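I have placed the structure first, in the form of structure tokens, so that the comments after it can refer back to it.
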Amino acid sequence: MSQTHGRYDSCIGLVLAVSSSIFIGGSFILKKKGLLRLARKGSMRAGQGGHAYLKEWLWWAGLLSMGAGEVANFAAYAFAPATLVTPLGAFSVLVSAILSSYFLNEKLNLHGKIGCLLSILGSTVMVIHAPQEEEVETLNEMSHKLGDPGFVVFATLVVIVSLILIFVVGPRHGQTNILVYITICSVIGALSVSCVKGLGIAIKELFAGKPVLKHPLSWILLLSLIICVSTQINYLNRALDIFNTSVVTPIYYVFFTTSVLTCSAILFKEWQHMAADDIIGTFSGFLTIIVGIFLLHAFKDVSFTLANLPVSLRKDDRAANGTLLSTYDCFNHDEESSTCVGEIQSTESLSARRNGSLSAF
């Protein structure tokens, strides 16, 4: 009976997590459009510390969409393990990438589409092999978990790293390095997920008629969640204002997922009773996601589609057949003679360099 109930809760958590990804992926687009409108008006940009976006209705629409997504995500964490819910955030990468290509003119090339597909496949593998977390049903049990020395050390390191990034690294490199603001959002996000998990338990106890409001941990978790979410929103806005949405979203997903999985493993001891195949499957799925994100980011400026593929293959074949064939083609196609001459020269130069000839220089 408990297994059936657990599967039912997991299904509810999965549905909520997918709907959360749709709302959150759309929120990135709405926020970005609002920030772009402010930039055209000449307002002080969020990347420079401005808060004019608070007067822009599109930004508020994005915030409400993200709020709806976070509420769904909040509920998902109450029904399913964090290691099951968090990887499904890859769908928000897909939603954001597709919508940005339509509404922000941020073109998604073939590498980016393959990267999105790999992210989804990796998430699916992680969901299949997701570990089962230890059952925590009361605030007293949650309080005991939060007081564990391992989690205390982890939380202390997160706070120290965040403060260094905010007050030391951010003012110097935040405008030029995309990883600074995203890292702040991600590491603090690990703590916010822990707060969400604890508040989900508190809400369940509240509906069960227990005196949750008198428990100090409930208010500590709520205050911590407000601080964490406010910090995340602030620095995510800065990253979106400065950098391309199709780049910010996937990198944020990878960093955030890594932080949450680490925090969840320390807090709920999810990895202690996992089988070897599940451990390999989880890491393989996550590495697949990272490869997909790399393809999406590293080749974002390369104009490459399926329509270009036959042309690229023909050029490779011509280069493989040598200069004589290229010369023959040039003399038989006068209108392309100038292009072919350039190709012949580049091929000869490459051959000379490979043969160690100094004439190539």
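Every residue gets a Cβ built from N, Cα and C, even glycine.
Listed features, source TrEMBL:
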| type | residues | note |
| --- | --- | --- |
| TRANSMEM | 12-30 | transmembrane segment |
| TRANSMEM | 57-79 | transmembrane segment |
| TRANSMEM | 85-104 | transmembrane segment |
| TRANSMEM | 111-130 | transmembrane segment |
| TRANSMEM | 150-171 | transmembrane segment |
| TRANSMEM | 178-203 | transmembrane segment |
| TRANSMEM | 215-235 | transmembrane segment |
| TRANSMEM | 247-267 | transmembrane segment |
| TRANSMEM | 279-299 | transmembrane segment |
The transmembrane segment (279-299) versus listed stretches 57-79, 85-104, 111-130, 150-171, 215-235: most Cβ pairs under 8 Å: 111-130
Positions whose Cβ lies under 8 angstroms from the transmembrane segment (150-171), at least six residues beyond its ends: 180-181, 183-184, 187-188, 190-191, 231, 235, 259, 262-263, 266-267
Region pair the transmembrane segment (215-235) / the transmembrane segment (247-267), three or more CB pairs under 8 Å: no
Beyond the flanks of the transmembrane segment (111-130) by 6 or more, those residues with Cβ under 8 Å of it: 14, 81, 83-84, 87-91, 93-94, 97-98, 246, 250, 253, 277-282, 284-300, 302, 304
Closest-packing stretch to the transmembrane segment (57-79), where packing means Cβ pairs under 8 Å, from 12-30, 85-104, 178-203, 247-267: 12-30
Segment proximity, the transmembrane segment (247-267) to the transmembrane segment (178-203), 3 or more C-beta pairs under 8 Å: yes
Positions whose Cβ lies under 8 angstroms from the transmembrane segment (247-267), at least six residues beyond its ends: 25, 28, 81-83, 86-87, 89-90, 92-93, 96-97, 115, 119, 133, 145-146, 148, 150-151, 154, 158, 178-179, 182-183, 185-187, 189-191, 193-194, 236, 239-240, 286, 289-290, 292-293, 296-297, 300
